[in-house]
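Peer 1: Pasting the relevant annotations from TrEMBL:
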type    : residues      : note
DOMAIN  : 5-121         : domain 'MTTase N-terminal'
BINDING : 14, 50, 84    : [4Fe-4S] cluster 1 binding site
DOMAIN  : 145-378       : domain 'Radical SAM core'
BINDING : 159, 163, 166 : [4Fe-4S] cluster 2 binding site
DOMAIN  : 378-439       : domain 'TRAM'
Ligand code: SAH
Ligand code: SF4
Ligand code: F3S
């Protein structure tokens, strides 16, 4: 048998990239590669990149620069760039950094083994097509290795929303859903291999409409199908768009016991003027009404959001609208970003907010959400909740798992095994996690 080669993959960006990296590693397994956790002994380095903000995209070039020495020592080393920077910048990457042998966009991963073979002949390989065929169908099935208790499963890709600030519709292409049968068979396979919690992924996961027999199924219908799988204990999904939050999905939050009470529902801004300029196609009032309906269905649901501050022409009054929306909703988790100009997007041509003003707004917003997060976390103390244990902690006997609400929970002297779902009483709330006792 030929020597196994070593593949080092570094993943940036969202969970969909995490999932894609796993699948690329599996596809390359079929081409004689096994993964390694250091670039130093690798025969191939693959950066799975993110283009969402300028900083994320620039990181790729500094990382590539660091591999120059390795490539000089080991000329056979292959270096590839995958993901959203690959899609957005294509050939330009090889021009800017000649050590790159291969550039592959997020919809062409199933062609990776062929591309690698081409680089073995000394050629460069580039593929940023959006091919007709489904990359997941063509990627080799996951090998039967045992898995940890949680897994991501991509069910939908791409975005048709074209928010004025965002590159995703350009880097990932149009909204496409995977067929129901494919998703279910992959989920069953994951469960057979030890997975107890699946997070369904999509750039707009609640826009899911997968073919099933003659018709289509919505995300809620897909969740009800997954609910029937024995051994699968928990279902989550991310990321949702407010405009795709359909009635059956809201209802499922109240009625499907495997669907966890956590919802990431980005709003970006609380100002109607800014929402309009962002092309979000929803306003503040419709978002707040939606939250109210979701809480009626599942009163204890933990809400999470994304916010952009310093979007072009955002005034202090617009920012205050975002702050009072946050106060009204009360988020258990939030991700906030300073607006970053992305070439080719509609907002790129517009006048910027002063950078130090934008930084100051980000600081104030993060202080508010940190306070809300802490209050919600503190309110968990004394409660008895279910924890799915995922790994051993840093100290002897300590185990770490997740609550239904996605809080990290540490339990000392814990007899629970990895993959066990157990009842825990929360005794303490820390900065980013809870401490509990096994009951
Ligand atoms: N599909 C998801 C999220 C996509 S990107 C959604 O629509 O909610 C993740 C987050 O990055 C976005 O929610 C947004 O808050 C942030 N983001 C996207 N483009 C950005 C930009 N140009 N500058 C700053 N933040 C941005
Ligand atoms: Fe980007 Fe908007 Fe699509 Fe989300 S909905 S991926 S923010 S364009
Ligand atoms: Fe980044 Fe692409 Fe995900 S731009 S956030 S890796 S879809």
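Positions of Cβ are set from backbone N, Cα and C atoms, glycine also.
For each feature listed, report its degree of burial, its nearest neighbours and the pertinent distances within the displayed model.
Peer 2: Sequence-distant neighbours of residue 50 ([4Fe-4S] cluster 1 binding site) (same chain, 6+ residues apart, CB-CB distance under 8 A): 12, 13, 14, 17, 56, 57, 83, 84, 85.
Reduced to three states, the DSSP call for residue 166 ([4Fe-4S] cluster 2 binding site) is coil.
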Peer 1: Near ligand 1, which of the binding-site residues show up if the criterion is a Cβ under 6 Å from one of its atoms? Options: 50, 84, 166.
Peer 2: 166
Peer 1: Which site among 14, 84, 159 has the most other CB atoms no more than 10 Å from its CB, taking these as binding-site residues?
Peer 2: 84
Peer 1: From the centroid of the CB atoms of 14, 50, 84, the recorded [4Fe-4S] cluster 1 site, which same-chain residues not already listed sit within 8 A by their CB, in sequence order?
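Peer 2: Going along the sequence, the neighbours come out as 12, 13, 16, 17, 49, 51, 52, 56, 83, 168, 171.
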Peer 1: Starting from the Cβ centroid of 159, 163, 166, the recorded [4Fe-4S] cluster 2 site, name every other residue in that chain with its Cβ within 8 Å, sequence order please.
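Peer 2: Everything else in range on the chain: 161, 162, 165, 167, 168, 169, 203.
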